[in-house]
Amino acid sequence: MISSIGTHFLNNSLCGFSGRLRQSQWRPSVVVSAAASSNGRPEERNVTVLAESSLKEIRDAAAAPVVAVSGGVEDVYGEDSATEDQSITPWSVSVASGYTLLRDPHFNKGLAFAEKERDALYLRGLLPPVTVSQDLQVKKLMHNIRQYQVPLQRYMAMMDLQERNERLFYKLLIDNVEELLPVVYTPTVGEACEKYGSILRRPQGLFISLKEKGKILEVLKNWPEKKIQVIVVTDGERILGLGDLGCQGMGIPVGKLSLYTALGGIRPSACLPVTIDVGTNNENLLNDEFYIGLRQRRARGQEYAELLNEFMSAVKQKYGEKVLIQFEDFANHNAFDLLAKYGSTHLVFNDDIQGTASVVLAGIMAALKLVGGSLAEQKFLFLGAGEAGTGIAELIALEMSKQTDIPLEETRKNIWLVDSKGLIVRSRFKTLQHFKKPWAHEHEPVRDIVDAVKAIRPTVLIGSSGVGRTFTKDVVEAMASFNEKPVIFALSNPTSQSECTAEEAYKWSKGRAIYASGSPFDAVTYNGKVYVSGQANNAYIFPGLGLGLIISGAIRVHDDMLLAASEALAAEVTQENLDKGLIFPPFTNIRKISSHIAAKVAAKAYELGLATRLPQPKDLVAYAESCMYSPSYRTYR
Ligand SMILES: NC(=O)C1=CN([C@@H]2O[C@H](COP(=O)(O)OP(=O)(O)OC[C@H]3O[C@@H](n4cnc5c(N)ncnc54)[C@H](OP(=O)(O)O)[C@@H]3O)[C@@H](O)[C@H]2O)C=CC1
Ligand SMILES: CC(=O)C(=O)O
Ligand SMILES: [Mg+2]
């Protein structure tokens, strides 16, 4: 009898292989199995699962004559076939039962192991007598987490759970998404990254530093999972609005990928968080004895480009063409170039540029139902002209152009941006970074945001500067002076960097603002009325977008997919939401929303000829739903 825990590994296994093979030529990814012997105890037997690429080598080697040096039966370890001066691998055979099973986060169920499972899997005595349901475990954990007053303690409790019992972690997160999103994601993940060195217990994700140059493919092979579908990678240089956190940025890919699973239904084992460590220019970290990254200033230029290139090539070699690589929180001087460079060779997506654009466009589409008028009739002003600002601006201009047939160069003229030097105008053209140049319109220089608001008279004001409290009372009052319903997005994260709070937006606009923020704010009561603000965060988009790319087998990301995602998200905003002033649907329905986004994105991939999973499923929403990971416990034989 083979333990069910091992069976899924067995499908592709190469049982009983014998042959001569150098140790370095093969590497089993998993060694698992329990087979009952006559006395009913598990008999350890090795079953190896080999990477596809290794199979040919193995078959070739198997065909070669066998020369065993130490006698005995030829075995699957290669031990017998190694010469005495060759080193061999001390394979450890683990049986996923008993004590080991309780410590395996993929299979552990804690007190939810049923009586039969406790017998079959040698758990008797290792657990107290009570058997509980997963729902009761969720209830207990929520009770425990609510006891922590400090958000970082809640974050650590969640990370501990993820390391202890993965399915329970995802069930908890999915069932309590509104309450726990701010714990595993912004704002708390920001604080976690700042203190990552001190709070780190077990490293999560894959760290690839300059030390691994020339060996990145080998490093990827160290990751225990082989079938990766989504990678979120950062180099830690622009973590939220907190700046350069170096290697400690790992909290971001880990957090984003937990949302890929919880909100988008991507299997956890298919997700790989990566931090590329090329040093940090953060003096505090360089002088911090607990800092976990390379203690050197950031590599730039060729050294940086070569490491990234090696990473991108290794990923494609190891996981194939269809692995989605999400760039996250790179500084803008690298982000745009990486997206341009790898956009034509890999399935890449920059969340800060593209995901943010898609979510904000969705929010604007919904806001227009409250404000009235078409997209092309709006005038936009941004504070912040980096990845988020120019990414959103470009997608809005594209959508306007599609809606009106007016050329893109013309629709861009409805959109103005302010950076740290003031309004982006034609006279600054020569000195502007390339991504700002399309926005350099004719206008006299304007230094401050408040003056820019008065000069441009936007209907929509968007904060993407990473600097908190920059939408002052004067700014919001100016917006409210010429807009019946001023639309204000304060996108910067975490909460400390928000351009203005929800309370400030409602109070200073006398309750007339339509407001959304990157990090969540509690409902606000103003003049006896309760205002609920939406969360304008790319977390609405990337999980569904990623699911859509995966289920269609897309090989490239296209702007039209971002527009499709925006439309799908905007369509989920109900009249009831709008009546409360909400321009985003509640996160409680996010898995349903993600399946709709995925379906629209996949449909677009098929339409554009970028899908490889054929034939196209008839009902893409139902197909997307059927592909989503469920965190409910499985029954073990
Ligand atoms: N809600 C969401 O989903 C998302 C939110 N964000 C948030 O947006 C913020 C910015 O991110 P990103 O665009 O990637 O960052 P970038 O560094 O690419 O861009 C920041 C921009 O803000 C400008 N800026 C900085 N300080 C000021 C200031 N005092 N006054 C005016 N402009 C200023 C910079 O000007 P200059 O170019 O002159 O230096 C730059 O143009 C971050 O806080 C991030 O967390 C990002 C992605 C998604
Ligand atoms: C949300 C996000 O991606 C950011 O703040 O960078
Ligand atoms: Mg980001």
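The chain as shown is numbered from 1 upward.
Just so it is clear, glycine is given a Cβ too, placed from its N, Cα and C backbone atoms.
All TrEMBL annotations are machine predictions without curation.
Quick look at what TrEMBL annotates:
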DOMAIN    162-343  domain 'Malic enzyme N-terminal'
ACT_SITE  Y185  active site, proton donor
BINDING   R238, N493, N537  (S)-malate binding site
ACT_SITE  K256  active site, proton acceptor
BINDING   E328, D329, D352  divalent metal cation binding site
DOMAIN    353-606  domain 'Malic enzyme NAD-binding'
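Calculated from their C-alpha atoms, the gap between the residue listed as 'active site, proton acceptor' and the residue listed as 'active site, proton donor' amounts to 7 Å. N493 ((S)-malate binding site) sits 10 Å from Y185 (active site, proton donor), taking the C-alpha atoms as the reference points.
Across the residues the record lists as binding (S)-malate (R238, N493, N537), the two Cα atoms farthest apart are 16 Å from each other.
For the residue listed as 'active site, proton donor', the nearest neighbour among the listed binding-site residues (R238, D329, N537), judged by C-alpha distance, is N537. A simple Cβ count within 10 Å picks out one of the binding-site residues E328, D329, D352 as the most packed, and that one is E328. DSSP assigns D329 (divalent metal cation binding site) to coil, not to a helix or a strand. For N537 ((S)-malate binding site), the same-chain residues 6+ apart in sequence whose C-beta sits under 8 angstroms from its C-beta are T186, V359, N493, G518, S519.
In the predicted model, the domain 'Malic enzyme NAD-binding' (353-606) has a mean pLDDT of 98.
Rounded to the nearest whole angstrom, the C-alpha distance between E328 (divalent metal cation binding site) and R238 ((S)-malate binding site) is 9. Within 8 Å of the Cβ centroid of the divalent metal cation site, not counting the listed residues E328, D329, D352, the chain contributes T234, R238, I239, I252, F327, F330, A335, N350, D351, E387. The separation of R238 ((S)-malate binding site) from D329 (divalent metal cation binding site), Cα to Cα, is 5 Å. When each of the recorded positions R238, K256 is scored by how many other Cβ atoms sit within 10 Å of its Cβ, R238 comes out lowest. Most Cβ neighbours within 10 Å among the recorded positions Y185, N493: this distinction goes to Y185.
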